[in-house]
Amino acid sequence: MTVSILLDSLKDDGQRLSECRHESPFSILGPQPFKDKWIIRIWMPEASQVELVTQQTKIKLQNPNHEWIFEGVLEKDPGTDYQIKVNRGGIEHVQHDPWSFRKEWMGEIDRHLFAEGNHHHIWRKMGAHLTEIDKKKGVMFCLWAPHAKSVSVIGDLNSWDGRHHPMQKRLGGIWELFIPGLSEGDLYKYEIRTEKGHCYEKADPYGFQHEVRPAKSSVISKIDSFQWSDQSWISNRDNRDPLEQPISVYEMHLGSWMHASSDDPFINSNGEHRAPVPAADMKPGSRLLTYKELANKVIPYVKERGFTHIELMPISEHPFDGSWGYQVTGWYAPTSRFGSPDEFRAFVDSCHKEGIGIILDWVPGHFPKDQHGLAYFDGSHLYEHSDPRVGEHKEWGTLIFNYSRNEVRNFLVANLIFWFDQFHIDGIRVDAVASMLYKDYLRPEGEWIPNEDGGNENFEAVRFLQQANHVLFQHFPGALSIAEESTTWTGVTKPTDMDGLGFNLKWNMGWMHDMLDYFEIDPWFRQFNQNNITFSICYNFTENFMLALSHDEVVHGKSHLLHKMPGDDWQKYANTRALLAYMWTHPGKKTIFMGMEFGQRQEWNVWDDLQWDLLNYEPHKGIQKLVDDLNNLYKREPALWRNDFDEYGFQWIDCDDNKNSVISFMRREKTDGEWLVIVANFTPQNHSNYRIGVPVDGFYEEIFNTDASQYGGSNLGNMGGKSTDLYNIHGYENSIDLCLPPLSVLVLKHKSKKN
């Protein structure tokens, strides 16, 4: 029997639903108790007929109150055990009723933790989740948009029409809806209607996959289904102090390391052909490599070079190639430019199999204004500050996260944990930390607001960074958290319980600037700038420093490393070799940008390949061989890394010979351990009898020489090493008389006697 129950309010409800203004569809749709029976109401825009089908009966539903609200009466609550047969435009289909699945997805504890900013795994609730409810497969959508008037799921399932699938608003500004029948790979967005009536289409902030640019939709994607094989790697990583290990990082941008021809087959991990992703309009005829192809090419290359880690410039989804990945719109998704999330997982897994760690650039300092992203998300400044003096980087054209809002901090902190949990990464480098710490960063007077103490420190950002690092090391004690922080802010690498920011490494920007300034000087004038090459040791042990020659130093007219060097080609190569060797022997972990390892000549261009053809020339092969051997020497000699952050690990022999631009020092492992002697000559002048003091007599084997012929040098040296003489110099009774080749660095190792 069909009974129509006329409620005056239903006309208004139907009108609000049809205009996407209803925040509580569960209050009228689905099974509703009425006296001793149950009314089933179905919202079905543009349907001409709807039938309710159960195991026992089939009922033709009526629409007496609104043309798109169909209803009928059952004796008992059917729960979710019914289907609806819909006729729309003469086409019939059968589906389950989304509004029959009424149980809350986000429980009270989840909401509480999220509201206080402490739900470290919030991505397991937010976003689009393939799941099963009452044995019915589908997708649960969950979104935080507290100021929205209504939210709908739109996609191919409803022809991108927001009237079809309005979501239910829960406590805490959470919106939920389970849609049966959706599957992996389906596209979706959220249509958000604001209190002012404006309508925005937004990608899912917690989406696990997004379309390839320039498309902007989110993609339903599985998590937790990948079969990892790196359990031993993860266990070893989390049970040792990463700072007590050699760390040599190859920074790279996946989209410009190498391209393939558009004509080359483009095959996914299942062996299926698919459409190639063009590199860019600026590189016609080329396509991006896939994660699988990159694994096959990058991993053997990096392993042969001897690097311990790969640092990937941001791979979180981003719409504009020219941002290099630093303007993120898809925080919980690796970019689809190179393949699927599981294909990126396979890339990381393959790296771990070969003993290579993965560090990701993470950008919690700002986000772009793209309409489908976080900006003005629910009609309010939800993720950003409303005042541009606090909430906008005008020079970058980006917005700044409101770190004072618990849910925003939660979004970011959980995102950090997400990458370690879901993709097994080993570390992060946080970009542009100084822009977060200072309220007046890149701002003229009058365009920033002082803190409550009248200063320029951003206390909210400080607390966020402390929370992020504290939570990270709680969950992943062997992780790396690296700060790109360009100022003298104190305590960047101090633990949070000592009021530090909690990072365990900081890029040494001062060292980088001093080194490049020094090496760009004509060698004959370096004698007047000796402080540049020695000053870093004065503050080296105030933080845990990483020495970095990054992508930022080879763009925007700065030229690549080789071309920064003065002199003719021979001197350019020799200077490059000397700088790299000094970097590898100086205290601190190491990072260089792709191309530096073989002497790239052109500036880095995000749309182009590296100049691989240069490896057809001996000087470039020599630089590559030098980097290989530096990495192997570095890993083989604990004196070069074990005491990077302990003053005992470094001691000058002589840093005052500015006339000859020569420095000498020792790297020491431990009190009774081995040490190395390093001597650097930063002029083209050969010194055939250069004496330095050494602490112990014996034989000093020359174990590395940047002037070796295999590196492209002149092959001057010390015939394998030198024995000490009883000659007092530099405060030592014993000394060795060395041949210092031009523009060279020597590494010598003490032995009790010559073999």
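Heads up, the Cβ atoms here are built off N, Cα and C, so glycines get one too.
According to Swiss-Prot, the active site, nucleophile annotation covers D431. The active site, proton donor annotation in Swiss-Prot covers E484 and rests on sequence analysis.
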Integer Cα-Cα distance in angstrom, the residue listed as 'active site, nucleophile' to the residue listed as 'active site, proton donor': 5
Cβ atoms near the residue listed as 'active site, nucleophile' (within 10 Å, other residues, all chains): 20
For E484 (active site, proton donor), nearby residues of its own chain (Cβ under 8 Å, 6 or more apart in sequence): R429, V430, D431, A432, V433, W507, M509, A548
